[in-house]
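Below is one structure, written out as C-alpha cells; comments come after it.
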Amino acid sequence: MHAVSSSHLFYLAFCLLVLTSSATAGPETLCGAELVDALQFVCGDRGFYFNKPTGYGSSSRRAPQTGIVDECCFRSCDLRRLEMYCAPLKPAKSARSVRAQRHTDMPKTQKEVHLKNASRGSAGNKNYRM
C-alpha cells in the first residue's frame with residue numbers, strides 16, 4: 001500500500017475546493033501546474049492525455065480539437081471532465097488456467113519406459129538392461 005503524503009493530501013483538498021463550486025463563488029479554472037497536479041491526482045497511475053485520444057482512421061482534415069487546457073483553463077470544468085482525459089485502465093493479466101494448458105511433455109511411467117525399451121529389440125547387446 002502507498003502511504004499518503006502531505007502533498008497528496010494538499011492536492012486532494014485543493015481539487016475538492018476548486019472542483020466543488022459554492023453558491024457565492026464563481027466558477028474556478030485550472031491552469032498550468034495546478035491543472036497537471038489535478039490530472040495526476042484524478043488519473044493516478046493510469047496517466048492522462050492533454051487532448052482526447054482519437055479513434056483509428058481519423059481524417060487529417062477534421063475540425064480543430066479542443067483539449068484539457070481549452071476546457072479547464074479557459075473555461076471551468078468539473079471532476080468528470082478531468083476524468084475524460086485519463087488514460088484507460090490496462091486489463092489485468094489473469095493467471096493462465098492449468099486445465100487450459102496442453103501437457104505434451106508429461107513424464108512417462110516406469111511401465112511405459114520398460115515397454116518402449118522392450119519393443120526396440122536387441123541391437124547386438126543381449127544383456128541390455130534399463
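Note that Cβ sites are derived from N, Cα and C of the backbone, with glycine treated the same way.
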Checklist entry - If you look at what Swiss-Prot says, which of Cys72, Cys86 makes a disulfide link with Cys77? => result Cys72
Checklist outcome for this item: Among the candidates Cys15, Cys73, the one bonded to Cys31 through a disulphide according to Swiss-Prot is Cys73
Next on the checklist: If you follow Swiss-Prot, the disulfide involving Cys43 connects it to which of the following: Cys15, Cys86?
Outcome noted: Cys86
Checklist outcome for this item: Quick note, Cys86 (disulfide bond): same-chain residues at least 6 apart with CB under 8 Å of its CB -> Leu39, Val42, Cys43, Arg46, Gly47, Phe48, Tyr49
Next on the checklist: Summarise the region 'B' (26-54) as counts of helix, strand and coil residues per DSSP.
Outcome noted: 15 helix, 2 strand, 12 coil
Item to check | Three-class DSSP secondary structure - Cys86 (disulfide bond) | outcome: strand
